[in-house]
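Residues annotated as signal peptide in Swiss-Prot, with sequence analysis given as evidence: 1-24. The feature domain 'WAP' is assigned by Swiss-Prot to 27-72. Sequence annotations record features per position, and here Swiss-Prot assigns disulfide bond to CYS34-CYS60, CYS43-CYS64, CYS47-CYS59, CYS53-CYS68.
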Amino acid sequence: MSSGGLLLLLGLLTLWAELTPVSGQDRPKKPGLCPPRPQKPPCVKECKNDWSCPGQQKCCSYGCIDECRDPIFVN
């Protein structure tokens, strides 16, 4: 294989390794809504999605704040 082909293969392997796995992205969200935004320092990243939070907690996004919170339920 030529050096150009090897570089292309190496580049593609690097891109593939950097991709985020999609295994948990098609799960449904947990029930309930996120409560109002808390008063916290900016840009706190506690979670990536509902399933990275314990129990019934949801991953709530408030701008650059992502944190696990107990859900609220609206009738």
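Glycine is treated like the rest: Cβ placed from N, Cα and C.
This view paints the features noted in Swiss-Prot onto the structure.
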residue: CYS34; record: disulfide bond; CB count, 10 Å: 16
residue: CYS43; record: disulfide bond; CB count, 10 Å: 9
residue: CYS47; record: disulfide bond; CB count, 10 Å: 19
residue: CYS53; record: disulfide bond; CB count, 10 Å: 21
residue: CYS59; record: disulfide bond; CB count, 10 Å: 20
residue: CYS60; record: disulfide bond; CB count, 10 Å: 22
residue: CYS64; record: disulfide bond; CB count, 10 Å: 9
residue: CYS68; record: disulfide bond; CB count, 10 Å: 15
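Note on the domain 'WAP' (27-72): its mean pLDDT in the predicted model is 89. Measuring Cα to Cα from CYS34 (disulfide bond), the disulfide-bonded residues that fall within 10 Å are CYS59, out of CYS43, CYS47, CYS53, CYS59, CYS64. With respect to their backbone Cα atoms, CYS68 (disulfide bond) and CYS59 (disulfide bond) stand 5 Å from each other. In terms of DSSP helix, strand and coil, the domain 'WAP' (27-72) has 3 helix, 13 strand, 30 coil.
Ranking the disulfide-bonded residues CYS43, CYS59, CYS60, CYS64 by Cα distance from CYS53 (disulfide bond) puts CYS59 first.
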